[in-house]
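Heads up, the thing below is written out as structure tokens.
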Amino acid sequence: MITGLLKKIFGSRNERLIKQYRRKVVQINALEPTFEALSDAELQAKTQAFRERFAKGETLDALLPEAFAVCREASKRVMKMRHFDVQLIGGMVLHDGKIAEMRTGEGKTLTATLAVYLNAIAGLGVHVVTVNDYLAQRDAEWMGKLYNWLGLSVGVNLTTMAHDEKQAAYAADITYGTNNEFGFDYLRDNMVYDDSQRVQRPLNYAIVDEVDSILIDEARTPLIISGQAEDHTDLYRRMNSIPPLLTRQIGEEKADGTGVEKPGDYYVDEKSHQVYLTEAGHEKAEQILLQAGLLAEGESLYAPQNITLMHHLYASLRAHSLFHRDQHYVVQGDEVIIVDEFTGRLMQGRRWSDGLHQAVEAKEGVQIQQENQTLATITFQNYFRMYAKLAGMTGTADTEAYEFQEIYGLETVVIPTNRQAQRKDLQDQIYKTSKERYDAVIRDIRDCFERGQPVLVGTTSIENSELLSHLLNQAQLPHQVLNAKQHAREAEIVAQAGRPKMVTIATNMAGRGTDIVLGGNVEKQAGFVMADESLSDEEKARRVTQLQDEWQSLHEQVKAAGGLHIVGTERHESRRIDNQLRGRAGRQGDPGSSRFYLSLDDQLLRIFAGDRVRAIMDRLKMPEGEPIEAGIVTRSIESAQRKVEGRNFDIRKQLLQYDDVANDQRREIYKLRNEILEAVDAGDLVKNLRESVFVELFRAYVPAESMEEQWDLAGLEKTLRDDWGVEVPLVKTVEQAQSIEDEELLTQVQEAVEAVYAGKVAQVGRESFAGFERSVMLQSLDTHWREHLAALDHLRQGIHLRGYAQKDPKQEYKRESFELFGRLLDNIRNEVTRIIFTVRIQSQAELEEASEQIEEDLSQLTNVQYKHDEFSELAEVAAGDAEIHGETPPVPAHRSAAASAAAALAGQVPKVGRNDPCPCGSGKKYKQCHGKLA
């Protein structure tokens, strides 16, 4: 109440910010006549003048009014478009490192030019991040005219580009590209073997278009670069025959033993997207595996040596019960292609990790591709937080404002519209069954079609879009279908979705980034005419004029019919996605309307609100085909959506907390790697490694502050001679001396070590040997880092079980991953020193050949793939941590001893004795820990 009163008196935070920005708008507008009077050459010279002023110490904030006024004037001359005042506000919000929420059709692309131009003056690079290559290329070409006119260079970073083209794109003042490509380039830059092979500059400033889609929807899963691992394809085929032999349990068993409607062998938890074997299912699966010869007599499926079987069985169960054809994926030729759940687009080249993709391939009977080993990985949260300044724009960010602030430190500012919105959002209509719902949708579409009103129908899956298309064909209503299967025609279909009587079916937000103009997009059509080389210039001009006249007539006709009508056939689990669909209508003050048609069969209602709504319908004795249209039901659905959004936020937050641990380690490894790459001679670094290795070795035989009787000098001599090629007569030295300190012996060892090292360098020369050392360090660091990533994956997958031991899984993960990281650094240090000391090289040519071979072995990774999964094991861990289920995980959490990472990499689990330390890393004996479960 008090908060509301204060808002009335002082205005909300958003209103106060807008008021501050409006004061600057007045300054910019006051400069307009001055810049209008300048010639083209004088206006273009302003960019260099701004750069000189910036170099002398003037800030970008001080340059803002003039720079915005110059950009606006240049846009009027080059683009024939003048920035509205609200677009100037949007530009200032972006420059301040905030998120600008601008309604669809308010000109986000043009708004961004202001902040991009101002920040490009600094010469440190500006990245404009889009959701796909098409938009990156379109915006770079479209806005590139303006930037080039102002003397700025523009690059576009595409997936298909060659290495030198990418370097040129990043060297430009402004670089357009997709979120995935920027992230993958960062990872690839940290895998190169020569500093000149890098493409990115330090990350300075990024503007993320459709920021909600990139930083929230796609942030649940990491970017992964992977290479081929061990072949388990036959095991996937054999496991695929098991799920059909098991029956699904209906209902989840509660603590009091109730809740199970129909007993079965496994239970599917749709909320957490997981499958769990019941006790009966566990026994049945063991019997099947025993008969198949995959499990030995008397062995448990949960025994450590059978973890691989467990992993494959769960992958197969999930493939059969949670992932459905034409909803989560499509089959094209001999390939399973993932469908993006948010856009409905096909994600070519992407694969689910953790064996899930192979399990789906086995289910569909297509060729099973080998599993991959992670070579490098990062989450979008941690990639984008590396930019010195980050900003974003979208039509729908306000519902996620808290998350943007909490995770990225980004404030959301809602920008006022240039014209008052005219769209009417009608009440949801809820039907008992899907059939009744679709009947109502067809009636609504027919009504609009007969009145000449264009309709955009939103569906949540390819399956539903094809079902609706079938129903419209039966009803003899012409229409266009826009889903992942029609990706190539996407922009063309969306551009014409505003023509009279046009009915367009779209999965979710496919076609985002292309405006739906009432009467159709005349610019697109004119573009096709201008690109037709068979026409003369006169004919092109005549046809374009004719198109513009026709468009004006169609535009007025559609406005009179009520503008674009949006039909939602199902609520998405996020209110933001629903708002995006609604936002396609009523752009720039145009008329428009929207309505959602729901049924109690919808997944969202079934899981979260179905019983409550069904009870209301039964109480009201609703006849068949009659919808319920009430605020209480809509509020009930929004409450369900808020629950899902809250849960997804928790998953992303937990994902980030886990990845922050790996991120700290990633930063240290990449920093060390960059030091090696940039150093002309890494001799000092090698010396530090060498000294610490031999001090540690010496102390293993001669403990600090120990008595002479405790020294094992003969053993130390033998180890130095046999393992390191270093001869030191330690026993003789002690025998000849009346008394000697251990520090004197250490000095003697170090001098002998340095003498051997100096001899190796002298053989081939310092310059050649430095190159060899650099190659060895990079090879060792990269190999051990990959093994470390595999070990972290395994640790992460089972860590939530620590909750049962009253331990905080996140703290346990931090502790154990830190121990693993310590081992990683020890392994690198020991391996580098050992290779340098044991290498037998007679000539400079041999040394150079060895260096080249090392780099070639590492750079020629087989089957390298770039993945950004829809839902990965990382997100599952976060979900498991938030809502623990009493099942044993499919993979061991962690293995003690130096062989753990290598074993994890090969997918092998060593047999564990009852009195050995438990593989989970708890520190307990196996029989007292996970041995109980076996």
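Each residue, glycine too, has its Cβ placed from N, Cα and C.
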Further binder of ATP named by Swiss-Prot next to Gly105, Glu106, Gly107, Lys108, Thr109, Asp515, taken from the candidates Gln87, Gln525 = Gln87
DSSP state at Gly107 (ATP binding site), helix/strand/coil = coil
Request  = Have a look at the binding-site residues (Gln87, Thr109) and report the one with the fewest Cβ neighbours inside 10 Å.
outcome  = Thr109
Query = If you run the three-state DSSP split on Gln87 (ATP binding site), which class comes out?
reply = helix
Ask   = For the recorded ATP site formed by Gln87, Gly105, Glu106, Gly107, Lys108, Thr109, Asp515, which further same-chain residues have Cβ atoms within 8 Å of the site's Cβ center?
value = Met102, Thr104, Leu110, Thr111
Key: Cβ-Cβ distance under 8 Å to Gly107 (ATP binding site), same chain, at least six residues away   = Met81, His83, Phe84, Gln87
Ask   = Just counting, how many other CB atoms are there within 10 A of the CB of Gly105 (ATP binding site)?
value = 22
Message = Return the count of C-beta atoms lying within 10 angstroms of the C-beta of Lys108 (ATP binding site), excluding that atom itself.
response = 23
Query = Cβ-Cβ under 8 Å from Asp515 (ATP binding site), same chain, 6 or more residues apart: which ones?
reply = Thr104, Gly105, Ala495, Asn521, Arg587
